[in-house]
Structure formats: C-alpha cells, structure tokens
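Let me begin by presenting the structure, written as structure tokens, before commenting on it.
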C-alpha cells in the first residue's frame, strides 16, 4: 500500500515536471523574435509587414492545427501527441537558422505547429489527469509559460548582439529547452496506454461550434492573443520611437512580461473560486486600456514604464483567464478538448491578424498612432466577449 502511494507521488511529480517543461517551450521561440525583429528585417531586407508576418505565421499555424490536435490525441494518446509537438517545435527552431527568408518562414510554421499541439492539449490533459487541481495546475503552467516568454524577450538582444552570436544562433539557443522537455516527458509515454482519451462526446449534444458561450470564450482568447502578440512583436519598436535604445526597449518588453507573472499565477485560482469571472474581465480591460492609451500619447519615460506595467498585468491575467475558461466552461475532459481546439483555432485566426496588421498600418502611416488605436479597439471588444464568457454556464447547455 505504501509502495503504491509512493509510486503515485513519483508519477504525479513527473507529470507536473513534464507539464512545466512543455509550458516553458510554448512562447520563447516566438517572443525571442520581437526584440531582434529589426535586426532580422535589415539582414533579410524585409518590409515591416513582411517582418510582422514572422510573428503572424505561428498564429496561422495555431488556427490550422488546433482543431486537429484533439483528433490526433484520440488516436495515439495525448502524451505521445505532446511529445510529437515538442519534436516538431525543435525541427522548426533548427530550420529557421538557415539564414534566408524562405527557411525562416518554413521553420516558423513548424514552430507554430508544435506550439499549437501544446496549447490545445495541456488544458485538456490537466482536466483529464488532475481535475481536482485544475486552477492550481493552470496557474503553474501559464506562469511558467509567461516567465519563459519574458526571459526570451529580455535576453534575446544580449544573446544576439552582446555575445556576438547573430540572430540565427541566438534564436537556435531556445532549442535546448525543447530537447530537455522531450527527455522529461518520456516517462509519460508509459502511462498514455493506461489513460483512455476520446474526442467523442460522452453524451449526445450539440457541437461546441454551435454554442454562443463557446464563441464568446473563443473571441476572448483571440482578442487577448491579438493584443499579446501585437505588443510582443512591435512594443520594442514603439518604445524606440519614444526615445528608448534598442537594448532598453528589449528589456521593457521582457519586464512587461515579468510583471505579468503574479497576475498569471493568481487569476486562475481566483477565477475558480468566483461564482462568475465578469469582475476579473472588467479589471483586466481597465488595465489594458489605461496602458495602451499611455502608449498612444507618449510622454516621460517614467510614464511609459507605468503603462508597460499596466499592460503586463493585463496580459498575464487575460491569457491565464482565457485558458482557465476552457476548463471552467466545460463539464468533462472531452468537452474541454473540443472547446480548446475550437477556441484556439478560431481564436488564433483572429490573433494572426495582429502583428501583420500593426506592421502594415505603420508602413502606411509612418507613425504608431493608428496601430495603437486599433489595439485599444481590440481591448474594448475583448471586454464584450469576456463579459459573456465569464458567466457561470457550460458550453453543453
């Protein structure tokens, strides 16, 4: 009896470690690009719109792959599918170091595919394997995800310029974490045959694609991702336009993400304890709109730092709330997987427009006024979607 309990503790610890390692890989391959996007643009002679597409491409991959990930998981198991995602991610990181635009785009598409698998399956894996700790596990993995996203933004310029590695080797650095994640995840393959998983509904009912609540969850996730990836891609350039150096701007993007971590961790825990999450949605939107309005008008660098902190807190809270909605609005792991696939497919299709659209608007206007106005409008739309998604209901009703 004691040996069995000890074994369960070890397996549980390995599962948590594996989830943490996978989560650590779900953002750095993308967020490491933003601070050095100017260097890449000049090296490959790209326009702002073309450079923005580097950040847009993974989101398109998210949109295309997200509905397929649960189907693949139902055939070969969630655990094996997640390992496959890590391998694809590493191949993408390796491919984009070829040093030409075509391979940069191809590698980035692979990166988006690998990350999409992790994005979709981690929420349903947690709902399936540790349903009693949904809020805590969501907090842990989203915080790790945000922490490594911040780290990648902060050290990207020092790795590329400070160590003299150049942007290709600087971006390849993040492949180390993919290898580590694959090794740590291997023990879960012993368990995947024992853990049955299906994307078919346990009880007859309408598809999540026909649920208005599911669409509200989807739009909330999509709009917050539009804002997240737009700021990750272009905030450094916006800060440079306000007088910051490139290195300082890179650290601003990083610190924006570091200050998001407490909100990232606490939001799912608060959300799980609340009758509904509408007050959280309102609070997040207020922080976002205040921060973005500050970027619109500029001013003293101290004021810019305050705006960045407000945006960071809103980002951290919104991404973890969006992912928490997947579990909170679902009755079962199957429903969570289907909602996750839908929300991250259609949602990231909305998000995919962000970096490209913001870059395109700047190319036309030659200033950041209109791009930031568009982000403010997205914040208002996010409030409307979140007010619906925050209601205490299930998508199956």
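Yeah, the Cβs are placed from backbone N, Cα and C, and that goes for glycine too.
A TrEMBL annotation is a machine prediction, not a hand-curated record.
According to TrEMBL:
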TRANSMEM  12-30  transmembrane segment
DOMAIN    13-393  domain 'Major facilitator superfamily (MFS) profile'
TRANSMEM  50-68  transmembrane segment
TRANSMEM  80-98  transmembrane segment
TRANSMEM  104-122  transmembrane segment
TRANSMEM  134-160  transmembrane segment
TRANSMEM  166-186  transmembrane segment
TRANSMEM  207-229  transmembrane segment
TRANSMEM  249-271  transmembrane segment
TRANSMEM  278-297  transmembrane segment
TRANSMEM  303-326  transmembrane segment
TRANSMEM  346-362  transmembrane segment
TRANSMEM  368-389  transmembrane segment
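Regional average pLDDT for the domain 'Major facilitator superfamily (MFS) profile' (13-393) in the model is 88.
Sequence-distant residue pairs (6 or more apart) of the transmembrane segment (207-229) and the transmembrane segment (80-98) include fewer than 3 whose Cβ atoms are under 8 Å, leaving the two stretches without contact. Proximity of the transmembrane segment (166-186) to the transmembrane segment (12-30) is established through 3 or more Cβ-Cβ distances under 8 Å for residue pairs spaced 6 or more apart. Residues 47-49, 51-56, 59-60, 62-63, 66, 116, 215, 218-223, 225-230, 232-234, 237, 322, 368, 370-371, 374-375, 378 of the same chain, all 6+ positions outside the transmembrane segment (346-362), place their C-beta atoms under 8 angstroms from a C-beta of that stretch.
Of the Cβ pairs linking the transmembrane segment (134-160) with the transmembrane segment (12-30) and spaced 6 or more residues apart, 3 or more are under 8 Å, so the two regions touch. Outside the transmembrane segment (50-68), and at least 6 residues removed from its termini, the chain residues within Cβ reach (under 8 Å) are 29-30, 33-34, 37-38, 40-41, 101, 104-105, 108-109, 111-113, 115-117, 119-120, 225, 229, 232-234, 340-342, 344-349, 351-360.
Same-chain residues lying 6+ beyond the ends of the transmembrane segment (80-98) with a Cβ under 8 Å from its Cβ atoms: 22, 25, 29, 69, 72-73, 104, 106-118, 121-122, 125, 168-169, 171-172, 174-175, 178-179, 181-182, 185-186, 188-189, 192. Packing against the transmembrane segment (12-30) from elsewhere in the chain are residues 55, 58, 82, 85-86, 89, 92-93, 111, 114-115, 118-119, 122, 125-126, 129-130, 137, 140-142, 144-149, 151-152, 171, 174, 177-178, 180-181, 184-185, 187-188, 229, 232: each is 6 or more residues past its ends and has a CB under 8 Å from a CB in it.
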